């Protein structure tokens, strides 16, 4: 029974969950950092308050949140991007990203889009299909599109790969993705 220790199995599972948790933490802390650039006080900065609340919902430690706010006041070289694209079926995609290197992030996102047959869109060509969310911190489609289940699977794979990119914060789609 060599190689069948219980600790090895636990370590493998723990490693996977810790990696996923770390990715979520880094995205949430990047959002806190970007929101804190304008004003580090959440009482006067609703974007920061929303980012902190979302981080707390996902059990991000308070020390990490405070460190991200403090760091955002020191470093001023990150910027937010709003990238517009269409998937192969013509479904509109809005991709929010935060990066310290705009050219690198744009290039990597373009590669992901092209690998899935999606197309980069000119600024404003997708934006018309969305309106700000009620809370003002996101986007919702003005005209949700019905998408066949086969196309939904492709769209979900594209969105998952985009979401796995370190710089991508949120992805919005005009597709009405339902559980079929």
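Including glycine, each Cβ sits where the backbone N, Cα and C put it.
Any TrEMBL annotation is an automated prediction that lacks curation.
TrEMBL lists 5-73 with the feature domain 'TACO1/YebC-like N-terminal'. Summarising the annotation, TrEMBL assigns domain 'TACO1/YebC-like second and third' to 79-131.
Residue counts for the domain 'TACO1/YebC-like N-terminal' (5-73) by DSSP state, with H, G and I taken as helix and E and B as strand, are 55 helix, 0 strand, 14 coil.
Per DSSP, the domain 'TACO1/YebC-like second and third' (79-131) is made up of 17 helix, 20 strand, 16 coil.
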